[in-house]
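Listed in Swiss-Prot:
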- 284-487: domain 'MCM' (DOMAIN)
- Thr329, Asp330, Pro331, Gly332, Ile333, Gly334, Lys335, Thr336: ATP binding site (BINDING)
Amino acid sequence: MISSYGDVDMELRDEDLILEEVRDYLTAYLRNIHQEDIILDNERVVVDLNQLYNYGLMEFVEFLINNPQKGIDFIKECYNDAYYTLRNEYPTNVIIAVKNLPKIFKTTRKGKIFTIEDIRSKTLGKLVEFEGIIVMASKIRPMLKKAYYICPKCGREVVREIDILNTDSEKAVCECGAELNLIEHKSIYTDFQEIKVQQPLDLMENPEEPPKYITVFLENSPGIYAGRVKITGIPIKVKKSKKLPIYDIHVKALHCEVLDGEVKIKLTNSDIENIKKIAKRKDVVNILADRLIPEIKGHSAIKKAVLLQQIKGVKKPGKRADIHILLITDPGIGKTVILRKIAEIPGNLYGSVTTATGVGLTAAVVREKTEIGEDTWVIKPGLLVKAHKGTACIDELTVNKELQSYVLEAMESQTIHISKGGINAKLPAECAILAACNPRWGRFNPEVSVAEQINIPAPLLSRFDLIFPIRDVSDKDKDKDIAEYIVDLHRAYLDEKINREMGLDYLEVDGVKIDKEFIIKYIYYARQKKPIISEKAKELFVNYYVEMRKKHQITARQLEAAIRIAEAHAKAKLKDVVDEEDAKEAINIITECLKEIAYDPETGIFDVDKILGVSKKERDKLTTVYEIIKELSEKSELVEHEDIAEEAKKKGIKEDELENIIKKLIKYGDIDEPKPGRYRLL
């Protein structure tokens, strides 16, 4: 049998003999398994090669992999015969595609799954199967597939099957020497699309190496613009240099399957046993959170929140399961280390807004010359689309007004709509966002609203479930601990004994080795759980929301966030029910977060509007001054500053406060100042 692409361990028998031996058997298989295709007269029939292999046609599948075009033509012959036995006629223009190679044929000699980086000259003309993430997709264009010609000189009609590489197909010449004319109404066209795919990082032999790409040609494409795909196709060579015999390798796809995007991780019985063993510990969440980012000292609340973000809440119709987190950090805290560490989890991606354009977050539609030489519109999915089903780790997050609506849609509905250049598509962006940025003035100021300190619009800011300011506050004892940890960290990389003492690479708990690989497997296993909220947990959530609404200015968004966090906490402990413990933990995380960013010391309450730049107290004062100007404007179109100040003083508003309030009313577009010191309503 074939143990890897292009390496045959057994001598193939005569091709015609192999085909004739399986003809009746294959015809019977197609008549039984693809009976629905025949009855419905489907134009495209997809044959599952793994199923065919298990059916007993091992030698034919091996033949097809080494001779894909001849093998598919033979399947088509047998399908036509099967079709005839059921319908007493032959099909017209049926297209045969194949998918799902048996495992033995998509494993390399090294024992790893076949990937883009394994496509070499030895695989040319063979059948291969690999996964990729779409990084560019052209618009759909018609491609001539079956051409009907007529000779204007002798009247002879000619029919030709057109291959994707036959660029001279429309300049066919008759035997008499005259150039043939294409008969448009008879000729058959198919939908053609060109995509470029990147090898997923989780399938890279060395994730530190630059990612590998390959161009794929799709025929009969429904229009695929983003996501993770599995391609079954034939590597072909395309000459690029006119002077040298050097070629580029592309893939002619026979089948393209859009995957759900979630990375599949193989777990052994031993893995599951160890996961369940650790899950029994009361401190399991703390252990995993601390080991998730061992390079960073402290910040346990943030580590815990990020761990729960990776596990996710429970997906429900119309409700996202992903938890969005924003870190606002003073310089030198290590936000990039946190983001890059989380990006190492399969399915997650890292990107910095400083090194990518704004549309690099969402998607771009640009005109570009494709491999077939045409200048056309193409979609280039951005970070949020490529991180579908994972986490988008965004460094130096800033969002301009032009991009705001796209990112807002991605955060809330988890899709991105694109309509430009004849391309109208809805791209999936079901991902969590772990973003980080520095305060505008260098260091975070708890006295100033979050919105005023960062370049992120208020509507987007409100979509983050958790916002953590990480401040660099001088503390002698704490500074000493951090300094010692940093020095030991450098020593641990070179000294195995210190490494073990620190537990940098791994920590042994109850006989289980807790390392990066184990945590990834634990997260993947925990994600599969779907705990239901218990009555007692429900009561806690309801009471929390009602009590907080009485005293504090919070919204239903905080309740939704608490539910997602509680579900993730229950999943982290492998529970089937979200109980009181999980609800309390979620409420504590939300409350701690609000203390940092939404506590108003003047009123002693939590006010989420303070995050967005306007606290309840300030909002009341804005309303008061606006009403004063409104009342005074009934007497005069332009209201004098002195008159406003006099009335405001009666309402308890001081002069210095009034200046800021008037500036904000102008900023919000409620009033303007056509002349110095004179205002009017808008």
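Note that Cβ sites are derived from N, Cα and C of the backbone, with glycine treated the same way.
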Fewest-neighbour residue among binding-site residues, criterion Cβ within 10 Å, set Pro331, Gly332, Gly334: Gly332
Entry from the binding-site residues list Thr329, Thr336 having the most other CB atoms no farther than 10 A: Thr329
Which same-chain residues, if any, lie at least 6 apart from Lys335 (ATP binding site) yet have Cβ under 8 Å of it: Leu327, Thr329, Asp395, Ala436, Ile470
Other CB atoms within 10 A, centred on Asp330 (ATP binding site): 16
The domain 'MCM' (284-487) [mean pLDDT, rounded to integer]: 81
